[in-house]
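Straight from TrEMBL, the features:
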type	residues	note
DOMAIN	37-123	domain 'Pyrroline-5-carboxylate reductase catalytic N-terminal'
DOMAIN	268-412	domain 'Ferric oxidoreductase'
TRANSMEM	224-245	transmembrane segment
TRANSMEM	265-286	transmembrane segment
TRANSMEM	311-331	transmembrane segment
TRANSMEM	365-392	transmembrane segment
TRANSMEM	437-460	transmembrane segment
Amino acid sequence: MLQSFKIVADDKVDDREINRCSFPFLNMNKEVATQVVCIVGTGDFGCSFGKRLLRSGVAVVFGSRNPRQISNRLPEEAQVLSVKQAVAACDIVVLAVRQQHQAALEGELSSVINGKILVDVSNTDKRPAQNSIPNTSELQMLFPQTHIVKAFNMISAWSLQAGLDDACKKVFVCADNVNARRKVMELAWIMGLEAIDKGSLANAKELEEYTHQFFPQWRIPMRVTLGLLFVFYIYTIIQDVLFSYFKHGSDRSFRLAISLPNKAIPSVALVLLSLVYLPGTLAAYIQLHRGTKYSTFPLWLNNWLLVRKQLGLAMFGCAGVHVLISLALPLRVYVYWKWVLSIKHQIDKNWTITFTNIDFWQRDLYLIFGILGFSIVVLLAITSLPSVVNSLSWKEFHFVQSKLGWLSLLLCTAHTICYGGSRFLRSESYHWGIPPLYIPALMLPCTTIFLKLPLLLPFLNRELQMIRQGQTRSRPGVEIEMFYA
């Protein structure tokens, strides 16, 4: 969403210029491409930023304390001057200097930097305190007659130098002066970046804090995943190892490394997959109940909907580990020993293990459902990549993530049911009265599928589609009518 522009008292900008700020790629200012940009600082970021500007056709002047002893890393096309000379020669100055060294430039630049655009690309080394002021505020106090702009602090030196094909191209720009903000946004577009207007410098602290966030969208999904892994793993220990030890006196602790994780991990994967599609189903019932899509969901459901991608990727990771462990199971000494012991028992007692046609069908269906389910999960993970998403239409993306996603949930649920077979009816499977892990793991996916089935009924599905197309039901018993927000 485009941010509204804050126009300060000394800015004389008409509506046409504001529109150009909103859509810089529609009416690019040619002056930005032809003027010279000064970069103060010759470190990794300053050097990479200068090379990117030169490749974009923008002339660059580097400001250095020792212009004659400068490193060979700087591009030959760029001119190197003293800091004061470089700043005096340019209207846009990119300050690629750490925050703790910026105050040392006050005396040298105060006489030549007035009225210029000073772009602050710095970040704090540690997460800023709640009551601390951003770097831009300190710069504004050092150079009060300068137009301070916060930008480029989320772009790394590596991405600027290596290329932007696989890197994040978003550049958040905030400044109190609209003209300064517009020129820096146009400079970002010239460099091949996606400039996003973040309003005034009051938002600078938010941009600086963002760089210190560590996987913010993954916090809840990872807590859910690790919590389920812990609970299910303890469940299998109680149901398998502790029961065998206290009931029969046998030590089965060797199963802690491979066998028990291979029960807990796929169970977690199945629950996570159902958690991906359950919130959308609940949202559909809420929309049907309210008769409109324009009312907000409860906060817990809205937050749940926002982390579905992360839950799906966590599920993919668990499913992948389950596949690798399953492929490694035949290599275990325990499996070989158990196979030889089974043959020995058959020879000693002169009897043969028999399998019915139903047993063969159960094992084959168990394998094919698992293979097909995991194959679709791999496809879902691939289509969640930004580069793949950008190549798909909305209809294609919806088909893969919704239609095929529900099919993967059905196949993985059937895979688990075939794994259990008729064992859920046998009393010996319930150790201490506790059911095998696959039974509680099936509860949530079965509930999700059960809730989805009524939505497939033609009359409910038709009404839901009309609501999602923008129509609303004003009150019970009234035909659905058009609603314009």
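Cβ atoms here come from the backbone N, Cα and C positions, even for glycine.
Taking Cβ pairs closer than 8 Å, the transmembrane segment (265-286) reaches residues 224-225, 228-229, 232, 297, 301, 304-305, 308, 311-312, 314-315, 318-319, 321-322, 325, 377, 405-406, 408-409, 412-413, 416, 437-438, 441-442, 444-445, 447-448, 451-452, 455, 464 in its own chain, all 6 or more past its ends. Mean pLDDT across the domain 'Ferric oxidoreductase' (268-412) comes to 88 in this model. Note on the domain 'Ferric oxidoreductase' (268-412): DSSP counts are 122 helix, 0 strand, 23 coil. Each residue in the domain 'Pyrroline-5-carboxylate reductase catalytic N-terminal' (37-123) gets a DSSP state, and the totals come to 31 helix, 22 strand, 34 coil.
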